[in-house]
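Taken from TrEMBL as is:
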| type | residues | note |
| --- | --- | --- |
| REPEAT | 4-62 | repeat 'RCC1' |
| DOMAIN | 6-384 | domain 'RCC1-like' |
| REPEAT | 63-117 | repeat 'RCC1' |
| REPEAT | 170-220 | repeat 'RCC1' |
| REPEAT | 221-282 | repeat 'RCC1' |
| REPEAT | 286-335 | repeat 'RCC1' |
| REPEAT | 336-389 | repeat 'RCC1' |
């Protein structure tokens, strides 16, 4: 099927796009190395690709981990990059010493990978590894085993100086530095060298790190947040900072009937440096909500202003997945179309331009080729997409 594989666009100055150069691209470009590793549609659908802004990682359906981009802090997971004259790895390269990687996340200067092993027919053990600049003594530039869990890990996320994970039994752990409350460990704890349990949260399915805030999606579909609220990114109204998690419970524009079902209907979410976007299944249709910093159009409301409470984005009603870069947003529809808005200085919106856009606009590259995108991810000024091929 034509068009199947991984696509990248946006900032490539450190090789983080995986295009074998250090150029920016304002339209999507295929990354052929990862795309050739899995030959069937189902395997391609299960591929994972993420970025931290200056480096990126790809995970095949078989648990093979590849990294590329800036590596001066050791965040790529290998001692030296391919060319001795640069600290960048310009094409995806396999990370030796890793196997059966279940999930991976990239921060600004560090990477977290979860390796999983089956200990019996119905139980698993997860080994959480980190490398790069971890901002705490636990790991720095080398592979480090941070913690082993006697269960699977459902979600992991990296921010600027902190990381989060959620286990399949609903518990959340945080580590790194967090003087603004992003660790959600209380006002007296600003640093954790290894994963520490976060108290006060309901059972949690997914975790998300912003620049200096954290967002948690519970198994019941509720949204909780902690950390800096300088731009309204916590979604809880006029509070400066939250050192422990607080529930986001105001959904503007929802009817009373909608509001009664909202708590169990958040189906996807993404977090940028200072903004949040989520997909909420209301009674009649899915609605995208966004809040936080909006000065570059990243909230998608056609305006250049911030929002302290979740605000519905009415333009699209068939969005199934969202992704956030530092200050831009990607939205994937049920038909496989990709829309983008926000900061576009490096071409990261994919519109063959470098301007900011305040309303979600379809990326013509995919539409013109009938390429169906199943999933997007983003970080910094990097945008990534996974496609199972054209829709013809």
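A Cβ is built for glycine as well, from the same backbone N, Cα and C atoms used for every other residue.
Counting residue by residue with DSSP, the repeat 'RCC1' (63-117) contains 0 helix, 27 strand, 28 coil.
Helix, strand and coil residue tallies for the repeat 'RCC1' (336-389), in that order: 5 helix, 28 strand, 21 coil [DSSP].
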